[in-house]
Amino acid sequence: MKIEFGGGLEQLFDNKQTLELHFDEPEVTIQTVIEKLAQICNELRSNVCLFLQDGLVRPGILVLINDADWELLDKEDTVVEDKDTILFNSTLHGG
Amino acid sequence: MKPVCENCFKNDAALKRPRNGMKVCKECFFMLFETEIHQTIVDNQLFARNETVAIGASGGKDSTVLASVLKTLNARYDYGVNFVLLSIDEGIKGYRDDSLETVKRNQVQYDMPLEILSYDKLYGWTMDKIVAQIGKKNNCTYCGVFRRQALDRGCVQNSIGHVVTGHNADDVAETVLMNLMRGDIQRLDRCCDIVTGDSSSRVKRSKPLMYCYEKEIVLYAHYKNLDYFSTECTYSPEAFRGTARALIKNLEAVRPSAILDVIHSGKQFQLSKKSKARQVRAVQCSQCSYISSNTVCKACVLLNGLNASEPKLRLTEDEGGAALPVRVLEKLQF
Ligand SMILES: [Zn+2]
Ligand SMILES: [Zn+2]
């Protein structure tokens, strides 16, 4: 599964614009992906609070699944599989 | 499965619009987004034919989208406006270096002339130097005050009477809440005006994107593949503004229309006769002659403070560069 970062979020992930994630299950919810990313964030000693708030993606971070707004789908509960691309794009930066 | 676009009923929807929950495809989104900005421009008669208008360009998402959309609309609706990119170099190492490169590419991409104004040249202080002097606590106040005047000064220097900025709906809603929570009634009265600066100021300011959601601005830039710079300023924003921002974003998550609703409420505030009578009339700053609500403008007050406390810095800072003897000579003149 391809994870992309934008809007400065890459700074939390060792300045990597993209990450490859693989799960044992063929399908997982986005929330599972988010928890995995939070774990990576912690391992890198990045400030996970810039990504998560109360266990959910921080308001102001846009999530696009295969380039579509996750608000069209089921947000955290959207089921994704290995071929999908997920973009986390923060709007919380200067204009 | 992706839902179908509720505007053309043909393509897959790409996003849900925060203002009304409408699901739209990319093409319909571009058209709706651009047309709404055009409507804002027409309704408020923002531009005049043959007018030269500066776009306050930071290389960030808002001003990049603003420049791109204005270029599109200027061609589509034949506004007959000459747009110029105006950039401020605050002198923050590693922040503006990259964003100024972005603005330089934008100059080519949008085929608009570019003018860069540095704090160093305008005020004799870079933001890095200011932070070294005063610390990181109130630096956003300095940066904001200086930036506001820098755009005005840049316009006057280039004989431009109008500057547009990329302030979006989230920014305006945040400002309404901040003014409300601070009890700053005078600012509350003005902060939702799309055009500011009256006949006495030399430069008119307007915010064509003030009804555009930040979410849509970011998605417009993303889907259009616009070239913008998105690293947060290394001197993080003041805590109060950050808290107001988080509040706005949390409200939006629960009720997306809240952002435009806050602006709508802000516009309805009317100063009482008593408050209006107390309103300070704009005058010219006695030091720099720029428009101000006091005899000495905020920028000059801050500058006076910085310059007065500078000798203290000299004692603590290990500075041996060529600038030192020059400064010592400057001080002797007092
Ligand atoms: Zn459509
Ligand atoms: Zn002044």
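Glycine is treated like the rest: Cβ placed from N, Cα and C.
Just so you know, TrEMBL annotations are computer predictions that nobody has curated.
For B:A57 (ATP binding site), the same-chain residues lying six or more positions away in sequence with a CB closer than 8 A to its CB are B:S63, B:T64, B:A67, B:L85, B:L86, B:S87, B:V103, B:N106, B:L114. Summarising the annotation, TrEMBL assigns ATP binding site to B:G56, B:A57, B:S58, B:D62, B:I88, B:G166, B:D171.
Annotated domain 'tRNA(Ile)-lysidine/2-thiocytidine synthase N-terminal' per TrEMBL: B:53-241, in sequence order.
Taken from TrEMBL, the feature domain 'Cytoplasmic tRNA 2-thiolation protein 1 C-terminal' covers B:284-313. Averaged across the domain 'Cytoplasmic tRNA 2-thiolation protein 1 C-terminal' (B:284-313), pLDDT for the predicted model comes to 82.
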Candidates B:D62, B:D171: member of the binding-site residues with the richest Cβ shell (10 Å): B:D62
B:G166 (ATP binding site) - helix vs strand vs coil (DSSP): coil
Chain A, Cβ under 8 Å: which of the binding-site residues B:G56, B:A57, B:S58, B:I88 qualify: B:S58
Distance in Å spanning the most remote Cα pair of B:G56, B:A57, B:S58, B:D62, B:I88, B:G166, B:D171, given for ATP: 19
The domain 'Cytoplasmic tRNA 2-thiolation protein 1 C-terminal' (B:284-313) - residue tally per DSSP class, helix then strand then coil: 16 helix, 3 strand, 11 coil
